Structures are given as C-alpha cells and as structure tokens.
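Single-structure report; data block below.
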C-alpha cells in the first residue's frame, strides 16, 4: 500500500489534513494488528450458553439474546482491566511469559540481522519452521489423524480393558501415549515453548499425582462406585453405568422436576470427573492463599499508591511519554455493560433465568478474583480456571435453573478471564512501546468483531451440520463432537439443574469432595512455611501450588495425551535446551513457537475450506485417533454397556 497508493496530502495545512498512503509497514503497526487479533483469538465462552440451550436442552434462544450475552460478556472485562492495570502491567515482576514469544517473533520479522557463520538469521529460521509446520499438519489434520494420539499399549493388547484404560491417550490415563500434532499439544495449556521451566515442572508434578496416583487408587478401590463407569469420561450416568436421561428430570418451565429426579435416582460421574471438581475447589482457595502469602506485601504497597514513588523499570519510564488511557474510559465501559446486562436479563428472563442480583454478584466475584488470578498468569503463564467456584456459588443460592447457572459462570468467570487477556495485551504494548490509547482502540474493535464473527459462525454451524455434538449419531472420526460444549452442558446439569446440594452437599453422594477446599488452603501455606524455614533453598519458592493443583483443571475436555506431549516438549525446551543450548534457546525458542502456531493456523484453515466444508474425508485405520475402543468400558461385575465385555 505504501508503494502503490498516492502519497498526496488532502486538505494540507488544514484541520482535517490526511493522506491515503499509510507509509512503510513498521513493527508497531504489526503489534497493533496482533493485539487486534489477540482480542478475538480465544474462544468466545458465551457461545457455550447458546449450544447448551439449542443443542443439548433443545430449547429456544433468539439470535438477539445470544448477541447481547456474547457482546456484554466479552466487553465487560475492560472494566476489570482498567482497575488492575497498575498492579499487573506496570510492575516489572509481572512479566507475562507468553508475550516473550510474540516479542521475539516481531524482532525476527522486522530487525535486520546479519547471518551468523554457519547458521540462520531468526527470520530465515522462522520461515523454514513455518513451512515445515504448515506442510506437516496435512498429516495429523487430514491424512493420518492417529498422530494426534499414538497409544501403543492399546495396539499390543487390543482385547484388554485394563491395558486400554491405562494406555489410551484420549479415553484413559495415557501411559506411554504421545501426540505428534502441534494442535493437540498446544490446544489447552498454550505453547510449551513459552512456559517457564518451573511452571512446566509444577504442571508435570500435578498431572502425575492426579492422573497416575489419585485416579487409579480411587478407581481400583471403587470409590464412589467408580468401576461402574469409565475411568476417564465427562459423561453423566445412572448408578448402573447407563447414560443419565436429563430430559426426564426437566419440566416444561426449564426447571428441575424433583419427583422425576427421585424416580430416576441420583446422578453419578466418572472417577476422574469427580476428582476434577475437587481439584477445582482446591485451586480456588490455593490461589487466594498463595497470592496473599507470596505477593500480599507488594499488593498492599501498590494499594497505598507507592507505585509512583518506587523505582520504575525502563519500559515503564519510556511509556510515561505517551498519553495514557483515562480511568473513566474503562469505568464507562463497565457501567454501560452492567446496565446492558441487567436489562437483558430482566427483559429476557424466560430465556436466561438470571435475576438482577445475580448480575451484581457475578461482577463482584470477577472483581475479587481478577488480581490473584492475574498475578498467577503474569508470572507462570498459566490461567487458573475458577469456573467451578462461580457454579458452586450460584448453584447453592439459586438451584434448579441451568441457564441462570451458566450465565452467572460466564459473567463471573469469563469477564475476569477477558480482563486478564486485555491486561496481557497491554503488557505486550508496554514491551513494544505502543501508545496505550492505540492498544485500547485495537482491543475494543477486535473484541466486538470477534464476538460477532464467533456467534454468526456458531449459529450457522448449528443450523447446517447434521447431528452436531451428538457423539452417538456422528460417524467415527468426525470433528464435530464438541468436547468443550459437552463439559459445559454437564456442568449446567450438575450445578444448575440438579444443584450442588444434591451432588456435593448434605443431600449428595459426593459430599466428601468438599475437603479439597481445606487442601487448597494448607498446600500453599506449607510451601510458604518451608520457604521461611529454609530461605536459602530458592527452589522451594518455585513450588507454585495454584499451578500444581490446577494442572489438570482443563481435563476434561483436555485428555492425557494433551498433557504428556506438552510436558515432554516443555522439558526439552525449558530444561534441556535452556540449560545446555542457551544460545540456541535465546535466539530461536520463542521464534519456533510462533512459527509452529502460524503454520498450524494457515493449514488448519486451508484444510477446512478445501476439504472439510465439502465433507471430503478418508476412512482407514489411521483415521481413527487412539485406537482404544475398550478404554471407556466399566469393569464392575454385571455392568452391561454396548460394545463392552461384561465381567
């Protein structure tokens, strides 16, 4: 555009002077484009509300209501971002590891670099890695999907339920399973190349403890009738291992029918699914206690306005030259969004079920947790998932209303998550010296465009893809199984329709899971006491209990192979390469991460446009990921499930 468009200046010397020529493309424009894209790169979580209502509950929701919910939940986070900027952007200790990947990529693409003798410039390295990533994804993405999870134990023991429970990377514990698919590796935990080694080690320890110690013990000791169900599943079951009929306990007012629930009997979960919720409880209390103990003094000092007086790092000093975004901009967005949410929930209460006080309570939860969760994300590159906490709160206060529960979760948790994403992009602009007002405008526009694009696409898919999300009706290997939507729907049943009191409370079968709350309090306290007792042992302070306990918080829908592959790559990058090949790591690690992401993105879109939309597929043994059909079978005597042996 700089070379082709006229550089004539219109209205020269006047107030409205402008030129159509943008000038040479520079790194700051590139950063703004990236921030614009980042604002919409993540999943728009409110879409799960639409899919739960329309697909799983088979109830009506108008496009207008869906649009209002999606827009308000996505934009509400600006309010929390504005309030906590000074805590999570300006301090040098809040370094946001993921941003280093993008900074390295920008430097590789824009800085002129002399090629080292016998080596490659970072730009050349990026292009080679990008082409390799783009070309390779044809195999796991289309030709050979089994590369997503190579579960070799299942191949050795094709008729053993136990072996497949242990070895399946998608439906079991994933022992020995490996994924050679970057989309599988980076889909839930982010890029392992961007994770600091201490965070990777915490996740590895937490994953190993939960998946290879706690889950097998609970299953083979038959805790909560565990052997009546699959060892790893996000399904909801009756006491004899059959799929629970949710429609039978839902009345015509979209509320629980208690008489029908008594007839159907209590709801049961797989061993891992129940442990997943316990881990969520522990992660909630551990996050609060960890931040108070390890960062409380700094937060208190900043709260007393000491930020202006303390030593500022070079980035903060340079950013002071720009005109800052006024606080009232954020406050206006916050107030307008809260008002719009109240009006939406009031006028469309028959579809959303959430009362006015639920909106204020959700905003209070988001406000309270943005800072502690933001501190964890800014220092470890791991976002603590506290959605269970929001489900628990509204489930106890307002049981029997599934849509109210998921709306409260989205407004209470996702608005906080969006706020943290905005703060991360502000830090990227901080590193790259982008005017804050330009960053703000890019985020606002990107968020709105993203919300519209996600909703329109999802609405179209729901109307055009036959049997979307119906695992029993879809053909083998179909990409439309919707793992995240299934977990979201199951949560709406557990916490909303039935309610936590009948699951985890005094009326429930899983009441002992509440002891995980105490575990979350004690775990970081023990680490803090150990650090005080042995201050010379710096490795003790690197034990991050919110990350360790929350390691498996994405499982399900994440599976074992997502973690085993991620941990292996994280170890090779964060420990082996960093320790023994430091020069290579410094020059190429983050560039490699960006190249792998970019190649995957381009080829993923190309495969869908060229083959997926035309329903062109291959059907051979390599098209069936995992190859462990017996991994989802129960092992209790007398339990009959289709396709499984009866013991």
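Heads up, the Cβ atoms here are built off N, Cα and C, so glycines get one too.
Keep in mind the model is a prediction, meaning the values are calculated, not measured.
Only residues 6 or more beyond the boundaries of the transmembrane segment (30-50), in the same chain, are considered here, and those with a CB under 8 A from a CB of the stretch are 61, 66, 69-70, 73-74, 102, 106, 109-110, 403, 406-407, 410, 414, 417, 421-422, 424-425, 428-429, 432, 434, 438-439, 442-447, 449-451, 453-455, 458-459, 462, 484-485, 488-489. The transmembrane segment annotation in TrEMBL covers 30-50 (among others).
Among the features that TrEMBL reports, transmembrane segment is placed at 62-81 (among others). Within its own chain, the transmembrane segment (62-81) is flanked in space by residues 44-47, 49-50, 330-331, 333-334, 337-338, 340-341, 344, 348, 351-352, 363, 366-367, 370, 407, 410-411, 414-423, 426, 443-444, 447-448, 450-452, 454-455, 459, which lie at least six positions past its ends and keep a Cβ under 8 Å from the stretch.
What TrEMBL records for 125-158 (among others) is transmembrane segment. A Cβ distance under 8 Å defines the sequence-distant neighbours of the transmembrane segment (125-158), meaning residues of its chain 6+ beyond its ends; these are 105, 108-109, 164, 166-170, 172, 174-184, 477, 559, 561, 587-588, 591-592, 594-596, 598-600, 602-604, 607, 611, 618, 621-628, 631.
Look at TrEMBL and you will find 170-190 (among others) tagged as transmembrane segment. A Cβ distance under 8 Å defines the sequence-distant neighbours of the transmembrane segment (170-190), meaning residues of its chain 6+ beyond its ends; these are 98, 133, 137, 140-141, 147-153, 164, 203, 211-212, 215-216, 230-233, 381-382, 554, 557-566, 568-569, 596-597, 599-600, 604, 625-626, 628, 631-632.
Summarising the annotation, TrEMBL assigns transmembrane segment to 197-221 (among others).
The transmembrane segment annotation in TrEMBL covers 275-294 (among others).
Annotation comment: TrEMBL describes 328-349 (among others) as transmembrane segment.
Nonlocal intrachain contacts for the transmembrane segment (355-379), taken as residues 6+ away from its ends with a CB within less than 8 angstroms of a stretch CB, comprise 76, 80, 83-84, 87-88, 93-96, 287-288, 290-292, 295, 299, 338, 341-342, 345-346, 349, 386, 389-390, 393-394, 397-398, 404, 407-408, 411-413, 415-416, 419-420, 423-424, 427, 544, 546-547. Summarising the annotation, TrEMBL assigns transmembrane segment to 355-379 (among others).
What TrEMBL records for 439-462 (among others) is transmembrane segment.
Annotation source TrEMBL lists transmembrane segment at 507-527 (among others). Distant neighbours of the transmembrane segment (507-527): 224, 266, 268-269, 274, 277-287, 289-290, 293-294, 500-501, 540-541, 543, 545-546, 548-549; these residues of the same chain sit at least 6 beyond its ends, with a Cβ under 8 Å from one of its Cβ atoms.
For 561-578 (among others), the entry in TrEMBL reads transmembrane segment. Long-range neighbours of the transmembrane segment (561-578) within the same chain, counting only residues 6 or more positions beyond its ends whose Cβ lies under 8 Å from a Cβ of the stretch, are 148-149, 151, 169-170, 174, 177-180, 184-189, 192-193, 195-197, 200, 203-204, 207, 211, 551-552, 554-555, 584-585, 589.
Remote same-chain residues near the transmembrane segment (590-614) are listed as 100-105, 108, 122, 125-127, 129-138, 141-142, 182-183, 186, 191, 193-194, 479 (criterion: CB distance under 8 Å, separation of at least six residues from the stretch ends). The transmembrane segment annotation in TrEMBL covers 590-614 (among others).
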For the transmembrane segment (328-349), distant same-chain residues with Cβ under 8 A (at least six beyond the ends): 62, 65, 68-69, 71-72, 75-76, 78-83, 355-356, 358-360, 363, 407, 411, 440
